[in-house]
Amino acid sequence: MKQVKFPLALLAATLTLGSVTQVQAGATLDAVKKKGFVQCGISDGLPGFSYADAKGKYVGLDVDVCRAVAAAVFGDAEKVKYSPLTAKERFTALQSGEVDILSRNTTWTSSRDAAMGLNFTGVTYYDGQGFLVNKKLGVASARELDGATVCIQAGTTTELNLADYFRAHNLKFTPITYDTSDESAKSLESGRCDVLTSDQSQLYAQRIKLAAPDDYVVLPEVISKEPLGPAVRQGDEEWFDVVRWTLYAQLNAEELGVSSANVEELAKSTKNPDIARLLGAEGEYGKDLKLSKDWAVQIVKQVGNYGEIFERNVGAGSQLKIERGLNALWNKGGLQYAPPVR
Amino acid sequence: MDKHVFRPSLPPPALEVGVLGWLRGNLFSSVGNTLLTLLAGYLLWLIVPPLLDWTLLQADFSGSQRSDCSGEGACWVFVRERFTQFMYGFYPAELRWRVNLTVWLAVIGAAPLFMPLMPRKPIYGLGFLLAYPLLAFWLLHGGFFSLVTVETSQWGGLMLTVVIAAVGIAGALPLGILLALGRRSDLPAIRVLCVTFIEFWRGVPLITVLFMSSVMLPLFLPEGMNLDKLLRALVMVIFFEAAYVAEVVRGGLQAIPKGQYEAAAAMGLGYWRSMGLVILPQALKLVIPGIVNTFIALFKDTSLVIIIGLFDFLNSIKRATNDPAWLGMSTEGYVFAALVYWLFCFAMSRYSLRLERQLDTGHKH
C-alpha cells in the first residue's frame with residue numbers, strides 16, 4: 001500500500017490548497033473598491049446575454065448585471081472589466097479570484113451551489129428547455145412529437161432532459177447531436193431533423209439564423225428548469241449581499257414604476273415611502289450594504305430597472321423578441337420577486 | 001548539276017499542335033483519360049457556377065446592416081462592417097496606429113535582410129531580432145515611456161493571431177535547436193533532460209496544454225497572483241512547438257555525415273564553434289521544409305486559443321456572429337477566415353521555397 005500514499009498526499013494537498021484559496025478570498029468588496037473596477041466573467045458569445053456590438057463594446061443581459069453592480073459600488077456603470085470565459089473555465093476563474101462575479105448564463109443547481117465553492121445571488125433569467133419546429137409539421141404541442149428526429153447540441157444537460165421527457169411521456173425519438181448551434185440550425189432548415197431543442201432563450205436566437213424565421217415556431221412546453229443567475233465566491237457575505245441586492249433593487253424599481261427616465265425626478269420629489277427608501281431619500285439602507293446613499297438611483301439611472309434591461313437585451317426592444325413569460329414580475333403573472341428595501 | 005532543293009518541311013499535323021494538340025496530348029490521350037476529363041469537367045460544372053453565384057454574382061457588398069442583404073448570396077456586408085474587429089479585436093480605435101506602426105516597422109526593419117548587397121547582414125539581423133521584440137512589446141502593450149497601457153485582454157483579431165504565431169516561431173526555433181543539440185549531447189544529465197522535455201510536450205495535445213494552463217494553473221497559484229492569460233498561452237505554444245522543431249532539427253543533424261563532425265574537430269574547433277560554423281548551417285538548410293511545415297501548423301494551431309477564451313482571428317469572427325444583429329452569418333465569416341489563413345500559410349510556403357533555392361549550394365540533383 002505504500003505506493004498509494006504519495007498520490008493521495010498530493011491529492012489532499014491539492015484539495016487543501018483549493019479550499020484555502022476560497023476562504024482567503026474574503027472582503028471582495030474592499031478589494032474591488034481599492035482596484036477601482038469590477039472584474040466580470042461573461043460568456044464568450046451568447047446572443048442577447050453577452051456579445052460584442054459594432055463598436056466593440058460588450059452588451060447583453062449578463063453584461064448589464066455587472067454594469068449594475070459597478071453602478072452600485074462606484075456610481076459608474078462603466079467601471080467593469082470583462083473576462084470572456086468558456087463554459088469549462090468559468091468556475092475556476094471565479095474560484096481562483098480571476099473574476100469577482102460570474103455572470104455567464106449559468107444554471108443554478110444544487111451541486112454547483114453546494115459543491116463548487118460558489119453562491120448564486122439570484123435569478124436574472126428563468127430559462128427552460130424548449131422545442132423549435134417548422135410550422136409545416138402542424139405540431140402544436142411537444143406531446144405530438146412521437147417518432148420525431150431531434151437536433152441537439154452535444155455535451156449539455158439538454159440531451160439528458162430530452163431523453164427524460166420523451167421516456168416519461170412514452171414517446172420515441174431519434175437524436176442527432178451537433179457541436180455548434182450553427183450546425184443544428186442548418187440541419188433544421190435542411191429538414192434533416194424535425195425539431196430542434198435547446199434552452200428557450202437560445203431557440204429565439206436560432207430562429208433568427210434561419211432563412212425564413214416566420215415559418216418556425218417555439219412550442220409552449222418547457223421541459224426543464226434553468227434558472228440563470230450571477231454567482232460569487234462562497235464565504236464572502238458582504239460581496240454576496242451587494243450583488244444580490246443590486247438585482248433586487250432593479251426588480252423593486254420596476255415594481256414601483258421607477259425607470260431610468262424618471263429616477264432622478266422621483267429621488268427628489270417622491271411621496272411614496274417605498275420609493276423613498278429604495279432611492280435613499282429616506283433611511284440609510286445603502287450604508288447597510290457599505291454602499292453610498294444613492295446606490296439604487298445610480299443603478300436605475302445608468303443601467304435601468306429589470307424590465308428595461310430585459311426589453312433592451314432580449315425582449316421586444318431587441319432582435320430576439322422574447323416574451324416576459326416567467327420573467328414577468330410576480331404581480332404580472334411571472335416569478336420575479338424581490339424582498340423590500342426597508 | 002542542279003542544286004538539290006530540299007522540300008520545305010511540312011507543318012506538324014494540325015492535331016499535334018496548338019490548343020487542339022495540347023488537349024489531345026493532355027486530356028484525351030486515351031479512353032481512360034477521356035473519361036476522367038469528362039468526369040472532372042462535369043464536377044467543375046456542378047460546383048463552380050453555384051459557388052461563383054454565391055460568392056460574387058448574387059452576393060451583397062454594400063450597405064451597413066443585415067436587411068441590406070438579399071439572402072440570395074453571400075452577405076459580405078457583415079465582413080466589411082466588422083472588418084476592424086476581425087483585424088484588431090477590441091484594441092482601442094484611437095490607438096490602432098500603434099499596431100499598424102508595429103507591422104510597418106517589421107516590414108521596413110526586415111527589408112534590408114532581403115537585399116543581396118547589404119553589408120554586415122548578420123550583425124544587423126541579430127540586432128533587429130533582439131531590438132524588435134522589445135520595441136513591438138512597447139508599442140503594442142505600452143505602459144512606459146508615455147504610451148498608454150493596452151491590456152492583453154483587449155488584444156484580438158488577426159493581430160493576436162500574428163502575435164501568437166510570431167512569438168511562437170521566434171521562441172520555438174532557438175529553443176528547439178538547443179533541445180536538438182541537447183538530445184545528441186554526450187552529457188547524460190543534459191540528454192535526459194532534453195529527451196524528457198521533448199517526449200513530454202510531443203506526447204500531449206496542444207489543446208489540453210492550453211486548457212490546463214487556463215483551468216488548472218490558477219488554482220495552484222497563490223491568491224491574487226494572476227498570470228496574464230496571453231502570457232500563459234504563449235509559453236505553452238513555445239514549449240509545445242519547440243519540441244517539434246527539436247525533432248525536425250535532430251533529423252537534419254543525423255543526416256550530416258560523420259566526416260563533417262570529424263573534420264570540424266580536426267580543424268581544432270570546439271563544440272559550439274563546430275556546431276555553429278560547420279554542422280548547423282548544413283543541417284538547418286536540409287530541414288527547411290520540415291521547419292516551415294511546423295510553423296505553418298503553428299500558425300493554424302493558434303486558433304486553438306479559442307478554448308481559453310482568447311479572441312484570435314477565428315474567435316473574433318465567431319464572436320461577431322453571436323451579435324443578434326448578424327445572427328446566421330457564420331458561413332460568410334468562416335469563408336473569410338479560411339481565405340485569410342490560406343493567404344498566410346501560402347505566403348509562408350512560398351517563402352520557404354525561395355529560401356531553399358537560395359541556400360541550395362551543394363546538394364543540387
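Any Cβ shown, glycine's included, is placed from N, Cα and C.
Per TrEMBL, these features apply:
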- B:158-352: domain 'ABC transmembrane type-1' (DOMAIN)
- B:27-48: transmembrane segment (TRANSMEM)
- B:97-117: transmembrane segment (TRANSMEM)
- B:129-149: transmembrane segment (TRANSMEM)
- B:155-179: transmembrane segment (TRANSMEM)
- B:200-221: transmembrane segment (TRANSMEM)
- B:233-253: transmembrane segment (TRANSMEM)
- B:334-353: transmembrane segment (TRANSMEM)
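Between the transmembrane segment (B:233-253) and the transmembrane segment (B:334-353), the number of CB pairs under 8 angstroms, six or more residues apart, is fewer than three, so the stretches are not in contact.
It is B:129-149 that, among the stretches B:27-48, B:97-117, B:129-149, forms the most Cβ pairs under 8 Å with the transmembrane segment (B:155-179). If you look at the transmembrane segment (B:97-117), the same-chain residues 6 or more away from its ends with a CB under 8 A from one of its CBs are 88, 91, 124-125, 128, 132, 135-136, 139-140, 142, 147, 150, 159.
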